[in-house]
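TrEMBL has this to say about the protein:
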- 21-48: transmembrane segment (TRANSMEM)
- 68-90: transmembrane segment (TRANSMEM)
- 102-121: transmembrane segment (TRANSMEM)
- Cys159-Cys192: disulfide bond (DISULFID)
- Cys160-Cys176: disulfide bond (DISULFID)
- 239-264: transmembrane segment (TRANSMEM)
Amino acid sequence: MAQAMSGKHQHFKGPEVSCCVKYFLFGFNIVFWLLGAAFLAIGLWAWAEKGVLSNISSITDLGGFDPVWLFMVTGAVMFVLGFAGCIGALRENTTLLKFFSVFLGLIFFLELTAGILAFVFKDWIKDQLNFFINNNVKAYRDDIDLQNLIDFAQEYWSCCGAHGPNDWNLNIYFNCTDSNPSRERCGVPFSCCVKDPAEDVPNTQCGYDVRLKLELEQQSYIYTKGCVGQFEKWLQDNLIVVAGVFVAVALLQIFGICLAQNLVSDIKAVKANW
């Protein structure tokens, strides 16, 4: 009799949304959301400093690549993804979670496609990299962020120009034409100079007139190898590390998609039992 009475009070426990998955996905995405917001803030601050926000049309005026776009695009993608994943998990909103999964899956597919195409069309990629560097060499003095990016690349990879120092002939301030009144005529930026360990402060005039010297003599003062070749060599030397980073990012994306899909399945199962 007692067993019969207790059986009446037993309730069937239906499916539940996994709190572990829900809050892990929430925490995972709130970090992305905040990082995305920070990147966007840095990008907007950089554009405000350069007066771009007061004159939007100037965004397209720069002849070369504006590094601020890296912050803006990366920040926007991270912000949108983080928002969808964070709010979708917290509010158990299947629409936002599906958007998160599809968007993340699309990014993964684009990365995979880009990696395969880069491997198959190596020569085309090298040509595009050469064009990209030379195009930005021309615009070296037009934008301080671009200038800093080129200086960093030349110092980090110990290179000068796309294929060599003479690529700086493409820049109106560094070309060797007789009509060029610039003090930097026939020179290169200081980032091309071989560093003297004894110097604490970089000599920003070390590249002046250096291309007037013989090529063998130039090697004592500046890097004579091009950045395309040096970047290719660096990529080969660090192939395992680079591949490891890409694999880690891919696994993180797959993990995020799986978490979102798992949460969507849990939510649907709970709703089906209402």
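Glycine is treated like the rest: Cβ placed from N, Cα and C.
Just so you know, TrEMBL annotations are computer predictions that nobody has curated.
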Same-chain residues at least 6 beyond the ends of the transmembrane segment (102-121) whose Cβ lies under 8 Å from its Cβ atoms: 77, 80-81, 84, 246, 249-250, 253-254, 256-257, 260
Cα-Cα distance linking Cys159 (disulfide bond) and Cys176 (disulfide bond), given in Å to the nearest integer: 20
Disulfide-bonded residues (Cys159, Cys176), the one with most neighbouring Cβ atoms at 10 Å: Cys159
All-chain count of other Cβ atoms within 10 Å of Cys192 (disulfide bond): 28
Cys160 (disulfide bond): tally of other CB atoms within 10 A of its CB: 29
Rounded distance in angstrom between the Cα atoms of Cys192 (disulfide bond) and Cys160 (disulfide bond): 5
